[in-house]
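Per TrEMBL, the features are as follows:
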DOMAIN    146-213  domain 'WYL'
DOMAIN    243-318  domain 'WCX'
Amino acid sequence: MLNLEARKRLENLLYIIKLFQVPDRRYRTKEIAEQLGVNEDTAGKYLRDLSLSGLLPITKEGHDWVLLEGAMTPQLELSLSYPEAVALYLAARLLAQTQDEQNWHVTMALKKLVDALPPSLRKREEMLLALLNFEDSQRPDKSGIFFALASGWVLQRQVRLYYEPPHRRSFECLFHPYLLEPSAIGRTIYALGYSSMGEARRAYKLERITRAELTDKTFEIPEDFDAATMLRQAWTIMYSDEEPVRVRLRFSARATPRVLETRWHPSEEVKKNRDGCDWTAIIGDTLEIEPWIRGWGSDCEVLEPLALRESTIKHLRRSMRMYGLTAPETRSPGTFDPNLFRRKD
């Protein structure tokens with residue numbers, strides 16, 4: 001059933017944003033409530049949500065809500081054909097599906113795209129929008145963090161990040177966002193750029209950023225930052241400053257049709273053989289390809305590089321111990337087995 005309350009909330013938020021597009025306007029919560037036809041508590045919640053999420057740069061001065069000094073609500077003018085609008089809608093839907101957290105910027109973008117569709121499609125797609133109207137308080141709201149990163153990227157302004165990496169202490173740093181990139185496999189968004197922590201280029205995962213603040217300090221993207229080349233070597237978004245490595249995998253005949261259905265990496269080469277196929281790619285960092293390899297189970301064997309093969313074997317042995325299984329004794333090909341020619345009784 002269509003969530004009418006969710007749709008109404010989106011419409012009210014967009015209406016408030018449009019009100020503040022008029023320069024130097026000041027509004028009291030009561031005025032907003034009267035225009036929306038809601039009570040003051042609801043209107044106040046809308047205004048606070050817009051302010052905290054970064055969707056609308058407003059603050060309260062006494063009893064009035066006003067735009068922050070020097071702030072504005074920029075609007076992008078875009079003219080699209082129906083196929084182009086649908087293409088953007090599908091891209092936004094894919095992004096929304098990768099988000100495990102609340103992000104009102106993604107929701108609002110989808111709402112505006114849906115509003116631009118013909119009425120015959122609009123009614124159906126509004127049902128999907130209701131799913132994105134997050135009201136689950138247990139899901140963290142990353143709207144403010146996304147706002148700071150997106151604004152820092154577009155305006156080339158430094159962002160102060162508070163980051164919690166796994167198995168390490170949290171830290172604070174100044175970050176220059178060179179690029180924001182979604183990861184379908186990791187179901188997340190990565191921010192790539194220069195970090196004052198280590199004074200090097202880093203990739204930070206959105207879920208691990210606990211707070212982000214847009215600063216007034218500007219930065220320049222270095223001329224040697226080649227996003228296209230970097231991402232061409234990356235598996236999802238992971239990359240390193242080391243030399244790219246050649247990864248070669250062998251897939252079973254059962255898995256080969258599925259492997260051939262998708263282009264998994266820009267540099268991949270696939271060669272069919274009698275038992276299935278060999279898949280080869282040049283990858284900058286193998287860290288995040290490991291879960292993908294494991295997902296194929298016994299239908300995928302790592303041939304190269306040796307370090308990745310050994311890492312996969314160690315994982316399999318840990319899994320066997322967890323399930324109470326015993327791995328058969330392995331022998332080196334160059335070791336003589338004295339039992340090989342022993343007569344069986």
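Just so it is clear, glycine is given a Cβ too, placed from its N, Cα and C backbone atoms.
Looking just at the domain 'WCX' (243-318), the mean pLDDT is 91.
Here the domain 'WYL' (146-213) is broken down by DSSP into helix, strand and coil counts: 13 helix, 39 strand, 16 coil.
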